[in-house]
Amino acid sequence: MEKVTVFGAGSWGTALSYVLAQNGHDLLLWTHRKEQAEEINNHTNERYLKGVQLPDSIKATADLDRAVAHADIIVLAVPTKAIREVSRDIRARLSKKALFVHVSKGIEPDSLKRISEMIRDEIPAEFIEEVVILSGPSHAEEVVLEHPTTVTAACANTQAANRIQDLFMNSYFRVYTNTDVIGVEIGGALKNIIALAVGITDGLGYGDNAKAAIMTRGLAEIARLGVKMGATPLTFSGLSGVGDLIVTCTSVHSRNWRAGNMLGKGKSVEEVLEEMGMVVEGIRTTKAAHQLAERYQVPMPITQALYMVLFEGVKPELAVEELMGRMKKNEMEDLVDLL
Ligand SMILES: NC(=O)c1ccc[n+]([C@@H]2O[C@H](COP(=O)([O-])OP(=O)(O)OC[C@H]3O[C@@H](n4cnc5c(N)ncnc54)[C@H](O)[C@@H]3O)[C@@H](O)[C@H]2O)c1
Ligand SMILES: O=P(O)(O)OC[C@H](O)CO
């Protein structure tokens, strides 16, 4: 039995707490909202997991001192935007090393850092046993129904990855390991951009041909960038690559797909965010990926088109027209870098 605190009681933090509590760990779930901690201690979290009865063994708190003191393993499950703030709050209370796990999917605009890099910026090395990334095709709504789900635990240190595999693994939650931290973080973050784009074309009323095109060419641009950043090409064929791309582009649970769908139907970014009420990571990640494409000189036409829609007010129909009208190409031409 491990002593674990999950920081962030949105849909994913709560679903992972469900798994950890069922696995018999000594689990504490921290939220920054006192009334939400009270609700979870009464076994529901309606805003984030509607209609779900949570096990008695999930204990929640809004007390940061207690949350940090409890943990040998710290799971960060807040949106990318909140990672630095929450890490700083944790750092101020740490008195011993902890094993950090992050489950968020994003890249920080401007600094262009991956989440594990942001955590290492904020927490001194003397308090970090390791940082492990848990990523893959996994919607909270299905995990709490105990539907079969597979993810990957990534860390260059295989012992740490194995410990996290053991921590989460059970009969419905199967965890693989991977040593390619860059590939796993880039795949998990950038698939949200492609899901937004697929949502847009679905919202515009285009069919499955368009969806397949964006997913396939989207994976190509994610892999191109990832490999330039140091990822292993094969990681993009795995759970955190094509696996997560499939689930996020095709599931009704996907926040990114739903947000894109509303954009395609004519809503503004502000209206969409207001209506979602949950994190849509792909929006900020589009800004970051647009900057990364420039830094690494990698062609990322779908990301570029989405950037124009989200940040330059270009109509989705026009962005699609532009994508389709690009100069003729050989399909494999810009994939050779992956070999
Ligand atoms: N929902 C899923 O199925 C799922 C699956 C895999 C990965 N993820 C990733 O997990 C991360 C969290 O997603 P989510 O779906 O749980 O989001 P969510 O919108 O459901 O919940 C986010 C939670 O973070 C809290 N929060 C926001 N800012 C905070 C701050 N500054 N300090 C403390 N708490 C703060 C919110 O109050 C909320 O409880 C995202 O990066 C997402 O991509 C989500
Ligand atoms: O609901 P989304 O679009 O934020 O995606 C959640 C997970 O990343 C799916 O694996």
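Glycine is treated like the rest: Cβ placed from N, Cα and C.
TrEMBL does not curate its annotations; it predicts them automatically.
The model shown is predicted, which means the values in this text are computed figures rather than measured ones.
Within ARG163, ARG174, ARG255, the residue that TrEMBL lists together with SER11, TRP12, HIS32, ARG33, TYR48, LYS105, ALA140, VAL279, GLU281 for binding NADPH is ARG255. Site annotation for sn-glycerol 3-phosphate in TrEMBL covers LYS105, GLY136, SER138, LYS191, SER254, ARG255, ASN256, and the matching candidate from ASP180, ASP244 is ASP244. The local packing around LYS191 (active site, proton acceptor), expressed as other Cβ atoms within 10 Å of its Cβ over all shown chains, amounts to 33. Taking SER11, HIS32, ALA140, LYS191, SER254, VAL279 as the candidate recorded positions, the subset whose CB lies under 6 angstroms from any atom of ligand 2 consists of SER254. Cα separation, HIS32 (NADPH binding site) to SER254 (sn-glycerol 3-phosphate binding site), rounded: 24 Å. Selection of the recorded positions SER138, ALA140, LYS191, SER254, VAL279 by a Cβ distance under 6 Å from ligand 1 yields, in sequence order, SER138, ALA140, VAL279. DSSP assigns SER11 (NADPH binding site) to a helical segment in the three-state reduction. When the binding-site residues SER11, TYR48, ALA140, VAL279 are compared by Cα distance to LYS105 (sn-glycerol 3-phosphate binding site), the shortest distance belongs to VAL279.
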